[in-house]
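J.: Structure provided below as structure tokens; questions to follow.
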Amino acid sequence: MGILGLSKLIADLAPQAIRESEMKHFFGRKVAIDASMCLYQFLIAVRSEGAQLATVNGDPTSHLMGMFYRTIRLLDNGIKPVYVFDGKPPDLKSGELAKRAERREEAEKALKAATDAGDDAGIEKFNRRLVRVTKEHAKEAKELLTLMGVPYVDAPCEAEAQCAALVKAGKVYATATEDMDALTFGSTKLLRYLTYSEARKMPVKEFSYDKLLEGLSINSREFIDLCILLGCDYCESIKGIGPKRAIELINNYRDIETILDNLDSSKYTVPENWNYKVARELFIEPEVANAESIDLKWVEPDEEGLVKFLCGDRQFSEERVRNGAKKLMKSKQAQTQVRLDSFFKTLPSTPNATNAAKRKAEEAKKSANNKKAKTSGGVGGRGRRPK
């Protein structure tokens, strides 16, 4: 689910935190990608360039086709991806998972009705809702990535949290996912639409964590409370409080405890046994592997291994797989080129640091104006007559 309404709230109130770019803008960047999100996107694909998307036994292969060609495209554009796979979901997520199971049951009933009625559009719609990423899909994807020479990380818990940890440790530039809660976990950069197909022509949308905090006039702790009010995977939200009201409450009271002390109980009903404090701690201290100790290596692909894995029962074209392997090799050789800014260490900015920089800039500007005034308009000066 991510965070309900967060993307629009940022677009409305902190538009400076969002930048749209072409994929090539991220040349030379290392990016942590939410693998489960990618696999889901690939599994719901009906076709990919006219190729078969199933084995001879009818098992889906669209996740492998998507992973193979989309990863090649990223590397072609000079991006070095590392895929992060989900581990065991936190206990707090059980409520959200139960809701998903209910929606799945409803989709199964709706699919049966659509099938009985011969409703092709309905059949496609509800089939998509029944798609889920299994352990087998993830296992196959990891095997493929190993053969491609692309690293992956097994997160102990939530992939978005692990991606954010890699970003904060300076191992990668950004998190690539469609789930906005990567920002709640503290990822300083979030990329959306990075793994979308080229045919969709969607520019990559980059969110800056520091700029959104500045634009919303809140700090990181207050941002977490805002996300809980908006609605997250780990606890219920207060019914009736939408995005606009949520940011107003945070700006006025700064935390959920003070909001609850001042909330109009005749208008809003707080969920019984609301475990927002546990959800908050999960965002502050998520279960992640030590990012500092994770060694990311991009190595040469195993062409023969790829042919053996993807062709045969999985029915991939050997010619296309070999062409893909050659592209991987070419991109590996081109990785000696680096971004100019990679030679400089960028210190993480904070709202306080940003405000201090603004004040310094304003003072410098004022000082320069004063000097200019003295030079051009002082006694005995031969300044220009104002036009």
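Each residue, glycine too, has its Cβ placed from N, Cα and C.
These numbers come from a predicted model, not from an experiment.
Sharing the record's features from Swiss-Prot:
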- D34, D86, E158, E160: Mg(2+) 1 binding site (BINDING)
- R47, R70, E158, G231, D233: DNA binding site (BINDING)
- D179, D181, D233: Mg(2+) 2 binding site (BINDING)
- 1-104: region 'N-domain' (REGION)
- 336-344: region 'Interaction with PCNA' (REGION)
- 346-387: region 'Disordered' (REGION)
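Surface or core, plus neighbours and distances: that's what I need for these features.
T.: Long-range Cβ proximity for E160 (Mg(2+) 1 binding site), meaning a same-chain Cβ under 8 A and a gap of 6 or more residues, is found for D34, T175, T177, D179, D181, A182, F185, S187.
According to DSSP, R70 (DNA binding site) is assigned to a helical segment. Sequence-distant contacts of R70 (DNA binding site), defined as residues of its own chain at least six apart whose C-beta falls under 8 angstroms from its C-beta, comprise C38, F42, T195, S197.
Secondary structure at D179 (Mg(2+) 2 binding site), as computed by DSSP, is coil.
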J.: Three states by DSSP: which one describes E160 (Mg(2+) 1 binding site)?
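T.: Assignment for E160 (Mg(2+) 1 binding site) reads helix.
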J.: What is the separation, in Å, between the Cα atoms of D233 (DNA binding site) and D86 (Mg(2+) 1 binding site)?
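T.: Each residue's Cα considered, D233 (DNA binding site) and D86 (Mg(2+) 1 binding site) end up 15 Å apart.
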J.: So if I draw a 10 Å sphere around the Cβ of D181 (Mg(2+) 2 binding site), how many other Cβ atoms end up inside it?
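T.: So the number of other Cβ atoms within 10 Å of D181 (Mg(2+) 2 binding site) is 23.
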J.: Long-range neighbours only, meaning 6 or more apart in sequence with Cβ under 8 Å: which ones does E158 (Mg(2+) 1 binding site) have?
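T.: Residues satisfying the criterion: D86, G87, P89, P90, F185, P286, E287.
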J.: Output the one of D34, D86 that, of all these binding-site residues, has the highest number of other Cβ atoms within 10 Å of its Cβ.
T.: D34
J.: Let me know the model's mean pLDDT on the region 'N-domain' (1-104).
T.: 87
